[in-house]
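Here the structure comes first, spelled out in structure tokens, and everything after it is commentary.
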Amino acid sequence: NCTQATEFSLAGFTGDLATQVTLFLLFLLTYLVTILGNLGMIALIRASALLHSPMYYFLGNLAFVNLCSSTIITPRMLAGVLLGTKGITYAGCMAQIFIFGLLLVTECSLLAAMAYDRYVAICHPLLYPLVMSPECCSRLVTGSYLLGLTNAVGQTISMSSLFFCRSSAIDLFFCDISMLISLSTSDTTLSLVILRTSSSLLGVPSLLVVLVSYVAIISTILSTSSAEGKRKAFSTCASHLTALSTFYGALIFMYLIPRSDTSRAGDKWAAVLYTVVTPMLNPLIYSLRNREVKEAWRRLRKIK
């Protein structure tokens, strides 16, 4: 006899009051920076003609994805830390899985498109206007969202077939699909296969595109004679690769490395990296250090 769970309990981080207050303030500050940074980036790209180029078209979509992914996770987490509200309905959990699954794969695909854009711009500058045409950029962005939608539908369908009879406590601050699979009392073989296959087919190729693009970019930079140009280019690449390493490293740890249920102690903080930290860092690393962004901001201030 199995009664399907109608609600799940999110464990959060800690029961210590002082630590809870510290975490709440830290996560609240991070969320505010995330909202302001990504909204500001979207508004600036739309308002400034200087930023109407393929690179910033991708950045605007990445900012939108980061804004949405942070919003479906962080406010619920803040409420849990401050008020101790740990319950989330079954329907709410499935909705969170669908939306986050859509946004996660979309972000991976957008990062790959951005890396390819930089590869063409640096390694084949004469072909850049032809290769990165508005039609091509539109197709890349549309394809990113469609891949995200495919992942979300597949993951949600696989989860809806599972039953949760015994424990409904999730040792995390949001409804993570791998955690839910480990809680299910029904056969999870198909769900695990779908999860691993989706991660491998949709996430790994994006990572490979990023790595190959940056290897080619670095090779091209090394062949240039200007020492100052090398320094600036390497500084930019290092910043981008740091953000990418944090994002993809956390995802690989969470979804591609097999491990037992007793060895998941680092999952919570790995999840913090790609759900809370990365959406805050992206507008800072990819955009706010850019000269064109600073120049666009100065021009808008002069107009006002």
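Keep in mind that glycine also has a Cβ here, set from the backbone N, Cα and C atoms.
The model shown is predicted, which means the values in this text are computed figures rather than measured ones.
Range 23-44 is the one annotated as transmembrane segment, of 23-44, 111-132 (source: TrEMBL). Contact between the transmembrane segment (56-75) and the transmembrane segment (201-222) is not supported: fewer than 3 Cβ pairs lie under 8 Å, counting only residues 6 or more apart in sequence. The average pLDDT computed over the domain 'G-protein coupled receptors family 1 profile' (37-286) stands at 84.
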